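Report on the structure given below.
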Amino acid sequence: MARPKIALIGSGMIGGTLAHLAALKELGDIVLFDIADGVPQGKALDIAESGPVERIDAAMSGTTDYADIAGADVCIVTAGVARKPGMSRDDLLGINLKVMKSVGEGIAAHAPNAFVICITNPLDAMVWALQKFSGLPAHKVCGMAGVLDSARFRHFLSEEFEVSMRDVTAFVLGGHGDTMVPLTRYSTVGGIPLPDLVDMGWTTQEKLDAIVQRTRDGGAEIVGLLKTGSAYYAPAASAIEMAEAYLKDQKRLLPCAAHVDGAYGLDGFYVGVPTVIGAGGVERVVEINMNKDEKAMFDKSVDAVKGLVAACKEIDGSLA
Ligand SMILES: NC(=O)C1=CN([C@@H]2O[C@H](COP(=O)(O)OP(=O)(O)OC[C@H]3O[C@@H](n4cnc5c(N)ncnc54)[C@H](O)[C@@H]3O)[C@@H](O)[C@H]2O)C=CC1
Ligand SMILES: O=C([O-])CC(=O)C(=O)O
């Protein structure tokens, strides 16, 4: 059986890391695409040359021609610009919206059956626009953010509790911005919900609140340290987890920016929710019970995304 084909649209910091991880995991043959001629080809050749050492059986190529992504099973989109210190993700909207138009058209023309994972920021609005521009079915187009935000939350919690990250679960929902919603009631250490761990005296509410805030600021913390761009190792690992769930029909329950139609009182809208990802793409949106405070935080986050979607419609009339 032929190996799956994975197209990486954007070959910058995340794109290159995605290619390396996908190769190491032997998820399939990889095509790196970018408009910056030489970059996708150079990264593809460099990773291919690591193949004999890493013992990787995967074809690796770089291109500036959308025709070369033909028949891709998965497309992961990082094309666009990243923020620098002093900027918010939302500042990227105007420039990255134009990029989503060309990417959406390229995928529609050459890889219409692909499972598409958008990473480009501001994430929730960009995945919404990418689905519209591409015209692909909504359950085959989703955005990566919740896996990353939950991974950051898990990392900080494992440090606080001094336990293995493997024993920490977390759910961060809502939009991938300052209003994201780390759900402490649904996050656990060894199956014990975080509020119970506070009651047990293992941590304090103040420390937990600080970890929640650090999670919300997780992207900005890395931007402030790097100064030249934003995070790429953890974002790439997170998207690869989603791609693997699709390619191997793992039916993973992962938070992602999915098209929500009916659940959570939403009507055809992209925002971070728990989903099941398998061979059918986003096979299910899982509607969890939220208490009054959680629902208020989630609604606030939805409203922030709605504002960004409205801005997209204003910039590009074809989206209205
Ligand atoms: N969803 C999430 O959780 C996260 C999202 N991001 C976002 O991911 C995006 C990519 O980040 P990086 O890889 O660090 O940026 P980068 O600047 O290293 O790479 C972006 C690449 O896109 C290419 N590009 C620009 N316009 C293009 C077009 N029209 N078609 C094809 N390629 C094009 C550039 O030449 C560049 O190589 C940014 O928007 C960033 O904000 C970053 C981290 C996490
Ligand atoms: O903060 C940024 O600009 C990149 C991003 O979305 C993240 O790392 O969460």
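Glycine is no exception: its Cβ is also placed from the backbone N, Cα and C atoms.
Heads up, TrEMBL stuff is auto-annotated, nobody curated it.
According to TrEMBL, the feature domain 'Lactate/malate dehydrogenase N-terminal' maps to 5-143.
Marked as NAD(+) binding site by TrEMBL: G10, S11, G12, M13, I14, G15, D34, N96, I119, T120, N121. If you draw a 10 Å sphere around the CB of D34 (NAD(+) binding site), it holds 22 other CB atoms from the protein chains shown.
Look at R152 (substrate binding site): DSSP puts it in a helix. Sequence-distant neighbours of R152 (substrate binding site): residues of the same chain at least 6 apart with a C-beta under 8 Å from its C-beta are R214, T215, G218, A234. As annotated by TrEMBL, substrate binding site applies to R83, R89, N121, R152.
The feature domain 'Lactate/malate dehydrogenase C-terminal' is assigned by TrEMBL to 148-306. Confidence annotation: the domain 'Lactate/malate dehydrogenase C-terminal' (148-306) carries a mean pLDDT of 98 in the model.
DSSP gives H176 (active site, proton acceptor) a coil state; it is part of no helix or strand. What TrEMBL lists as active site, proton acceptor is H176.
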Checklist entry - Roughly how wide, in whole Å, is the group R83, R89, N121, R152 that binds substrate, by largest Cα to Cα distance? => result 19
Checklist entry - Near ligand 1, which of the binding-site residues G10, G12, R152 are found, taking a Cβ distance under 6 A to any of its atoms? => result G10, G12
Checklist entry - Between the binding-site residues G12, D34, R89, which lies closest to H176 (active site, proton acceptor), Cα to Cα? => result R89
Next on the checklist: With every protein chain in view, what's the tally of Cβ atoms within 10 Å of the Cβ of I119 (NAD(+) binding site), excluding that atom itself?
Outcome noted: 28
Checklist outcome for this item: Top of the binding-site residues G10, G12 by count of other CB atoms within 10 A is G10
